[in-house]
Every structure is written in structure tokens, then in C-alpha cells.
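Worksheet: the structure to be examined is printed underneath.
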Amino acid sequence: MIVLLGVVVVILGFVTRRNPVLVVGVAGVFTGLIGGMDPLEVLAAFGRSFADSRSVTVFAVALPVIGLLERYGLREQARRLIGRLTGLSTGRFLTVYLLVRQVTAALGLTSICGPAQTVRPLVAPMAEAAAERTTGAQLPDRLREKVRSYAASADTVGLFFGEDCFIAIGSILLITGFVNSTYHQNLEPTQLAVWAIPLAVCAFLVHGARLLLLDRQLERQMALAHAEHDVPLPKGTDK
Amino acid sequence: MIKVEWLYWLVGLVFVVMAVQMAADRSNPRRWTSAAFWGLLGLTFPYGTGVANATAHNGGWTLPAEPLGLAVLALIVLAGFNFLGKGEPVTSTAQEREASATRLGSRIFVPALTIPLVAIVCASVLDTSGLFETGKATLIGLGVGCLAALVVGMLVTGERRLSVPLHSGRSMLEAMGSALLLPQLLAVLGSIFALAGVGTQVGRIVHGILPDNSTYLAVVAYCVGMFLFTVIMGNAFAAFPVMTAAIGWPVLIEQMHGNEAAVLAIGMLAGFAGTLCTPMAANFNIVPATLLELKDQYGPIKAQLPTALPLLVCATVIMALFAF
């Protein structure tokens, strides 16, 4: 039972926001020692499993290509293509962006979009502009926040439920690396990536539907906000 | 026959070359320790060949595992106590990038799409050709795809200097820092958990709680466990080895004969649904709120929560229906 303290170390380390690499190292050494290994055996265990899980880090070979392409305007071109999606309502625009994010992540292009790359400079302003165009009025702060939050959510949901369809992503390689070295299996990344597709479809349907519903919510709340402004408030009351 | 070890040597070489660049980069305040980290990581890849040979008893040359374990602890110390630094990123100006995007248009996507395309061709069409080591076609295909994409990329952009992609890649490496190594270290932690008997212990507890042979309850325990552990720790990667060593492998796969790929891939995604709802995953949920100048830093989480919960249900149902 005492080896379960190793799990407690991991949880405490992550919850208290210690450096994750350090948490993992400390938890590994600690679990090995209380599990009855002597220090040399712990070192050997670290070495052996590190050698067997080298496949987890091979995605680093893609960095020079992606770096080269970014230097030659990969992100700029992605931004231009997204910028052409004018004339859509807020919900429809964000649904299209969700799809773009999922498909590009599934092809391994996880870094061409993102909160800093596309959401702040492009997606959030375009979503806000679309809302103001369809309702014909300035967005109150509360609704502006809501539109921006939904823009961020389209990006994050799209990334999470797109990237696992790509074989060379950290999470897929972590699964194969861990299972193949620990349980002596021969699992291939493609087998896992295929099983990520059904949930990618679910994510698009669920979040896409919610993004489309955002249009109606915005209309209703804009109407409410207008009504509030039109009715004069009694004197001496705080709004 | 192309062996997967060749790919590992290539990865090691990339890290060592970038480490040499870092050592020469005076704009990086921690250039020596950064170079030591990435250089040492690079050397673990060819050294690991000998250790893996010894574990697999395949008759190849062997090396002892203990020195590699020591090297891993050294990497953990260098990354864990913030010895990694960044240099000035070597890149183009915003105007140059805009001009190049105008010149190249969507052709810039061609090299990027080469990677998955080549990898898929290797994993499917060429898998049975005997060209690649058995069972490693996808990984090798990834390496071949990256090399092919580099060639295509240099042709499309008209770049002739090989130092340019290496410098740009190094800047990305510096930006990612120790986060790049975390998945591999978590795989190591999972192995140590399994060796020390964590899985057996949790399995015993789970066995005491779950009614015998109830596949559905075990699936719910694994998916909800991945979800909750991720919410608490803010990292699905960290939750994965714990939950898999405890329930995923011993109960769902060994005892109930679930499809390995389906159980593990969907389990990880149940964790991702957890990442959508937790402020602990600050880089995904809090940083965007700051970037978008939101007053409510939980705005993105509130927008994601009603999606995350149905997705957890979807994950559980898909696993229960299709993995057994």
C-alpha cells in the first residue's frame, strides 16, 4: 500500500504548481525507493524506461521544418485565409474556425493557430465585429467578454480534439511509449490516432452546436440590454 | 532495412547540433546550461540504443542502464531548477513574413502537409514492403516525412542555407523548454509506478469497490478517473500513467480484454475533456483570458464546461460500446 504515496507526491506536486519535470523526477525516485528498489536499481529503471520511451520525443525532428515555414510566413498565410471568412454571423464564423482548428491540428499543424497567433489578433475581433454587424449596435462589455471567451473556447476545443488524430503528437507518442516499454506491447501510433476520430466528431457536433446557439443568445441579450437602457431608472437607485 | 534506431540517432543529432548553436549564442543568459541540457538529451538517444538492446536481448551491442539513469536525473535537475534559457529568436521581421506570404500564398502549406502524407504512406502502403523494421513503420515514416518536408520546404521557399531551419527550430526548442521532455519523463514515471507495484495496489482497491466483472463500471471508473485527475493536476499527460497503471491496463485490458488502442486513446481524451474545465491548466485556460483582456479570467472555462461534460459522457459511451 505504501507505494501509493508516490501517486500522492505527483498530485501534490502538480496541485502546488511545482516545476512539473521536478515533480516527476522526485515522484519517480521516491516511488522506486519505497517500492523496495535500491538506489542503483532506481537508476537502472530510469535508464531502461527512458531508452524504451525515446519514441515519445521524436516529434522534435519536425521542428526545423515548421520553424523554416514560420519564418517564411506560414502563420501569416493562415491568418489571411481565416481573415477571408467575412460576412458570417458570430456563431457560424466560430464554428468554421473550430473546424479549421480541428483539421489543421489533425494534420499536425498545431502551432499555426492559437490564442496568441490567431485568437487575439483575428478570431476574437472578427467574432465581435460580426455580432455588432448583425445586431446593429455596440456590444455591452458583458457580451463582449462572452464573445471573446467563446472565441478562446473554439480554439482550445478544436486543438484538443483534433491533435490526437495526428500520429506524431505528444499524447499519442506518450501512450505508445509508455505501453510498449512497460507492458512490452507493439502498439503503433496510427492505431491510436484512428480511435481519436469518433470523439473528434463528437467534439465538433457538441461545441459547434453551442457556438451556433450563441447567435440566438446574443440577439436575446442585446434586446434585453436595449430594453434596460430605454426604461428610465427611478432616481436614487443604483443600476 | 531501415531501423527505428536510425531515427533516434537523427533526433539525437538534431538536439546536439542545436546545443552547439546554443553554446555559441551570446544573447542567451544561460547558454552553457541550456547547451548542456539539450546536448546531454541528444547523447541519451544513441546511448539508449545500447540500453534498449540489453533489455531486448536482441544480440546487438549493449550498454549499462545506470549511467543513462544518472543522465536522466541530471536532465531533471537542469530543467527543474530553471537552468534553461532563451536566446534572441533568429527569425524574419513581420514585414518579411508578410511579403513572403504574399509571394508564396498557400504553397507554404505544401511542405507542412508533406509530413503527415509521407508518414501515412509509409504506415500503410510501404508497411508490408519489408523496407522498415517490423511494427515501426509509422515512427520511421514520421522521420522520413520530416526529411522529405525539409527538402520540399527549402525548394518552395527558395531557402538554400540548411542553417536557417536549424536556427528556427532551435528557437522553437528554446521556447518549449523542458515542456518538450515532460511526456517522455511521464512515460518513465508510469514504468516506475508499474515496476513498484502501484497498479497492483490500486487494482486491488478498485477490485474491492467495483462489483466483479462489471465492464461498464470499470470503464466509467477509468474515464471519470482520467477526467477528475486531470482537473486536479491540470495535466492529462500526468494523469495518464497513474490511471492506466491502476485501472486501464490491469482491469480493462488484461482482465476484461478491451481493445488496447481504443481504451487508451479514448481514456486520454477523457482527460483532455478534464483539461477544458480546470484553471490548473493555466496555459490553455487562463493565458487566453489574459491575452484577450477579459475581466473574468474564468470566462473561457465557463464557455468550455458545457462542452466538456457531454464529451466525457461521449468518451465513456464510445469506450463501453466499441472497445469490448
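A Cβ is built for glycine as well, from the same backbone N, Cα and C atoms used for every other residue.
Remember, TrEMBL labels are computer predictions, not curated facts.
As annotated by TrEMBL, transmembrane segment applies to B:6-24 (among others).
Taken from TrEMBL, the feature transmembrane segment applies to B:68-85 (among others).
Annotation comment: TrEMBL describes B:106-126 (among others) as transmembrane segment.
The transmembrane segment feature in TrEMBL is assigned to B:138-158 (among others).
Outside the transmembrane segment (B:179-199) by six or more residues, the chain places 41, 72, 75-76, 79, 173, 237-238, 240-242, 244-246, 249-250 with a CB less than 8 A from a CB of the stretch. According to TrEMBL, the feature transmembrane segment maps to B:179-199 (among others).
A Cβ distance under 8 Å defines the sequence-distant neighbours of the transmembrane segment (B:219-249), meaning residues of its chain 6+ beyond its ends; these are 182-183, 186-187, 189-190, 193-194, 198-199, 202-203, 206, 210, 263-264, 266-268, 270-275, 277-282, 312, 315-316, 319-320, 323. If you look up TrEMBL, you'll see B:219-249 (among others) marked as transmembrane segment.
For B:261-284 (among others), the entry in TrEMBL reads transmembrane segment. Beyond the transmembrane segment (B:261-284), the same-chain residues lying 6 or more positions past its ends with a Cβ under 8 Å from any Cβ of the stretch are 222-224, 226-236, 239-240, 243-244, 248, 252-253, 297-298, 301, 304-305, 307-309, 311-312, 315-316, 318-319, 322-323.
Look at TrEMBL and you will find B:304-323 (among others) tagged as transmembrane segment.
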Positions on the same chain near the transmembrane segment (B:304-323), where near means CB under 8 A and six or more residues out: 215-216, 219-220, 222-224, 227, 252, 258-259, 262-263, 266-267, 269-270, 273-274, 276-277, 285
Positions on the same chain near the transmembrane segment (B:106-126), where near means CB under 8 A and six or more residues out: 100, 132, 137-138, 140-142, 144-146, 148-150, 152-153, 156-157
